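Chemist: What follows is a single structure, and I will ask about it in a moment.
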Amino acid sequence: MTTQKNGQFVRRPLIAGNWKMNMDHMQAIALVQKLAWTLDDASHDYERVQVSVFPPFTDLRGVQTLVVGDKLSLDYGAQDLSPQDSGAYTGDIPGGFLAKLGCTQVLIGHSERREIHGETDELLNTKIDAALRHELAPVLCVGEGLEIREAGNHVNHTLAQVEAALSGFSAEQLAELVIAYEPVWAIGTGKTAGPEDAQEMSAAIREKLAELYSQEFADSIRILYGGSVKSANVAAILSGADVDGALVGGASLDAEEFAKIAQFEKHITA
Ligand SMILES: O=C[C@H](O)COP(=O)(O)O
């Protein structure tokens, strides 16, 4: 995902669409088709900017068939996985099944999983382990709620989430890790953290990775921002030196809007 050029790491931006619990398997095919056509029409360079979608589990087989059949350059992954590989875990989906469906990435610890399903940092640590066992790149979601932000504890809170979730893994194991910073108060609310807030937290996360592992490792890891990202604000948010992409919720359900977000470089007016 990350290459080295003249001794400097060049992080390939990632625009990721988290569909959440939207789009049945038929709608998923229509959305992926329209997204691919729209990006093709815009001559999207996937080598330059990676584009991934995270549909519900029941859509993944259809998405795989389409992506493979039409040789699409889109990547796709799941919104969650079980920490276990098989057995009596009713309702859960293991990483091995996702890998067989061609998933390359998996979201771990989205704030809705943390809040609605009570997922703890300790559980997320085991989910990262499961993702790594099946060669799925973990997209670890972190971020603070409004009360924590207002109390001024957002940096400490978010860094503690990062440290706990990554505990026990080596830099080699985490080579494909992606971290998504999503302030919970900005998710689906229309409120976005300012570009300075996104940069502040991304820089703090990178510094934490350097402290836990090495500067080289920290410089290779992509850090995304999520929370009410749209085509109108994506360029400003991604202008931060440490912000390497976006995890997009609502706006990823509209193919044209999501394609515009993926084409964020075209909106940069400097
Ligand atoms: O995973 C995506 C985030 O929760 C952001 O969602 P949103 O773009 O609808 O605010």
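Yeah, the Cβs are placed from backbone N, Cα and C, and that goes for glycine too.
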Chemist: Just to be sure I read the record right: Asn18, Trp19, Lys20, Ser228, Gly249, Gly250 are listed as binding substrate in TrEMBL. Which of Gly188, Gly194, Gly240 is listed for the same site?
Modeler: Gly188
Chemist: So which of Lys20, Gly188, Gly249, Gly250, listed as binding-site residues, have a Cβ under 6 Å from an atom of ligand 1?
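Modeler: Result: Gly188, Gly249, Gly250.
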Chemist: Among all chains shown, work out which of the recorded positions Lys20, His110 has the most CB atoms within 10 A of its CB.
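Modeler: Output for this query is His110.
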Chemist: For Gly250 (substrate binding site), name the DSSP secondary structure in the helix/strand/coil scheme.
Modeler: helix
Chemist: For the binding-site residues Gly188, Gly249, Gly250, which Cβ has the most other Cβ atoms within 10 Å, all shown protein chains included?
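Modeler: For the binding-site residues Gly188, Gly249, Gly250, the Cβ with the most other Cβ atoms within 10 Å is Gly249.
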